[in-house]
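What follows is a set of notes on a single structure, which appears directly below.
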Amino acid sequence: MKKLFASLALAAAVAPVWAATQTVTLAVPGMTCAACPITVKKALSKVEGVSKVDVGFEKREAVVTFDDTKASVQKLTKATADAGYPSSVKQ
């Protein structure tokens, strides 16, 4: 029983090490006016785990920094699509 608790304690202590901050650039071609980036930024900022969002109208892209244990690229692209701006990972 003691070994079980020791193993669980070790796993809990190491778990935060596996978390990683990711940065992804999303292409958002549907942004056609200067107000569009505001909507896209709000949508992405609401995704749990997102720590930073920079949206550029000129390049029609969003650079998003997020905790990959709480958010994913799929959640980010869903958030923009739900806001009316489909996006994809920029290559």
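Yeah, the Cβs are placed from backbone N, Cα and C, and that goes for glycine too.
Quick look at what Swiss-Prot annotates:
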- Cys33, Cys36: Hg(2+) binding site (BINDING)
- 22-88: domain 'HMA' (DOMAIN)
- 1-19: signal peptide (SIGNAL)
In three-state DSSP terms, the structure that Cys33 (Hg(2+) binding site) belongs to: coil
Averaged pLDDT score, the domain 'HMA' (22-88): 97
